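First up is the structure itself, then whatever we jot down about it.
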Amino acid sequence: SGSCEVKTCWKAMPPFRKVGNVLKEKFDGATEVEQRKIGSTKVLVPKNSQFKPHTDEDLVYLDSSPDFCDHDLKNGVLGTSGRHCNKTSKAIDGCELMCCGRGFHTDEVEVVERCSCKF
């Protein structure tokens with residue numbers, strides 16, 4: 001009949017939140033590895049022999065992250081001591097997380113400001 005059908009396909013990313021959740025899950029289960037030479041081939045094996053070998057889908061790392069809680073100029077880490085935090089927040093600005101479980105001091109401050117109130 002002379003008619004034809006066109007089908008177009010493309011790949012699309014899942015919602016950003018879903019990608020973030022998958023990456024966080026992989027990060028939490030990441031395995032520290034070391035490089036070993038087996039014959040003429042270099043392979044990555046778990047640093048702890050009690051861990052199972054990783055798959056192509058697993059997240060692995062060679063070097064541990066620095067401790068961002070403590071002052072370490074060699075690694076460019078300023079630490080968290082003396083920073084202001086949000087006492088009620090459970091996010092990264094929250095005192096429990098930012099202060100690395102070391103505790104924190106609270107100050108109550110009263111701020112008096114002029115406002116453009118009309119009565």
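From the backbone N, Cα and C atoms, a Cβ is placed for every residue, glycine too.
The O-palmitoleoyl serine annotation in Swiss-Prot covers Ser1. What Swiss-Prot records for Cys69-Cys100, Cys85-Cys95 is disulfide bond, and it gives similarity to another entry as the kind of evidence. What Swiss-Prot records for Asn86 is N-linked glycosylation site.
Sequence features annotated in Swiss-Prot and their locations in the structure.
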residue: Cys69; record: disulfide bond; DSSP (3 states): coil
residue: Cys85; record: disulfide bond; DSSP (3 states): coil
residue: Cys95; record: disulfide bond; DSSP (3 states): helix
residue: Cys100; record: disulfide bond; DSSP (3 states): coil
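Cα separation, Cys95 (disulfide bond) to Asn86 (N-linked glycosylation site), rounded: 6 Å. Taking the Cα atom of each, Cys69 (disulfide bond) and Asn86 (N-linked glycosylation site) are about 16 angstrom apart.
Rounded to a whole value, the Cα-Cα separation of Cys85 (disulfide bond) and Cys100 (disulfide bond) is 12 Å.
Cβ-based neighbour count (10 Å, all protein chains) for Cys85 (disulfide bond) stands at 17.
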